[in-house]
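Undergrad: Dumping the structure here so I can ask a few things about it.
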Ligand code: 16G
Ligand code: MG
């Protein structure tokens, strides 16, 4: 390690003294102006991680659904997964080291992790369409090169595409070709083959309206659409030519405001969906004949997918287990439907994709989705091999089911939740089953719910247990919440510190919207009073 060079280059990526940032749920996020030193240092860290794992590591520059002025960065581990937790801690320490401590912290990480400095390092880099992203990704490259790492800069990519590239590169091309074209071809081929099986069930030409949040999803879908146009035509809105990234549009806006994005013309009963700013989340929606808006969120996506997979798995009859993983935000109706009607086991983990992903890997087939639309399905290697073998050997119904599963495996991005891949899976399932968005939506009715935010002096005063469903500290808060919940029917509420914003999040659901709002408000007040609220007290009707 040329520590002199590290320090010398660091002066042109100087850390504003005193600035402290955390590697949060999905990496660092802040106003883009505060991130130059973070990018340089994550370049350094990616090299150490690459040497340690003897694998390619990814660095993605994006702040997902955050406002355009923000940016962020996260590292991608060898199998396309989120960075290991112990390295998140290294990332935070390295990011916050003052200039004079940088060398010491870097050496500390390298020695503590027994990194072989002679080992080669390779880092792949991607970025979203934010105006700040290009310059920030140059700073990552500076960090990589100063430690002697090799790199490939993919330029503009969706976050899941970079996960895919990392996974391909570390599995010797078996998963797919590590190029954008390789990604388009792999997914489109699987999609077109799957939907061919639908043509026997009276196929009409399928079309879908897509709100791209004025982000990278628009660019990539434009490039990709001719690959799958035989099966689906997409009409793009908020494609970045006019509007501002994530502003009044995108999956996060639609889910949290439960209304359509600006800039999209919706006729009644047309199927529409929204991506977020880096295209790793998707939600669906439509307007009914009375003009009423209906949201089809990640929970309903998980239900559609797991029900389809469960039927195919029972058709091939190999006693393969399927599990669904959700978080506390999953609508109570979805959990009840999955467990009681579909008889599928459901598990709850903490918020954040890494937790869901990890749990889903315990099953032969693990479907995970957050209510906000981030998710995918994972197939164990043994299941994949079995299915491919059956698909090759059999011509009967079992063989047909195996062929469909084979295509589904190829169509899902197994490295990360992916709006483009999920969209194609959903469109294929709807086509094969001959379902409209309304029929899909009618599987169950969501319980009315409300999410609020409360500002507190220090959000770390709230700690939780039981997959964030119960509060441990401050003492007494859980008892108050439990008493409030008892006042309503079909009710549930929980609070947790956000991993991406300096706030406490409050979630409540109940038998009516009025009751859900009132419960959310009461719980917000309790948080404000018992957890050191600052600023204005929550008032009824306040929609944080
Ligand atoms: C990040 C997470 C997302 C989670 C959200 C929660 C990833 C890739 N993204 O966007 O899964 O739902 O944070 O945000 O893990 P919060 O902690 O502010 O509620
Ligand atoms: Mg995102």
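From the backbone N, Cα and C atoms, a Cβ is placed for every residue, glycine too.
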Undergrad: Given that TrEMBL annotates 276, 278, 280 as Mg(2+)-binding, name the residue from 55, 64, 491, 498 that shares the site.
TA: 64
Undergrad: I'd like the Cβ neighbour count for residue 505 (substrate binding site), meaning other Cβ atoms within 10 Å of its Cβ, all protein chains included.
TA: 24
Undergrad: Mind checking how the domain 'Alpha-D-phosphohexomutase alpha/beta/alpha' (118-167) divides into helix, strand and coil residues in DSSP?
TA: 23 helix, 13 strand, 14 coil
Undergrad: Between residue 505 (substrate binding site) and residue 276 (Mg(2+) binding site), find the distance joining the two CA atoms and give it rounded to the nearest Å.
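TA: Their Cα atoms are separated by 20 Å.
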Undergrad: Using a 10 Å radius around its CB, how many other CB atoms surround residue 497 (substrate binding site)?
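TA: Within a 10 Å radius of the Cβ of residue 497 (substrate binding site) lie 19 other Cβ atoms.
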Undergrad: Spatial neighbours of residue 499 (substrate binding site) among the recorded positions 64, 276, 278, defined as Cα within 10 A: which are they?
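TA: Checking Cα-Cα distances against residue 499 (substrate binding site), none of the recorded positions falls within 10 Å.
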Undergrad: Express the distance between the Cα positions of residue 276 (Mg(2+) binding site) and residue 372 (substrate binding site) as a whole number of Å.
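TA: For residue 276 (Mg(2+) binding site) versus residue 372 (substrate binding site), the Cα atoms are 10 Å apart.
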Undergrad: Relative to the domain 'Phosphoacetylglucosamine mutase AMG1' (297-434), which of 51-100, 178-283, 471-524 accounts for the most Cβ pairs at distances under 8 Å?
TA: 178-283
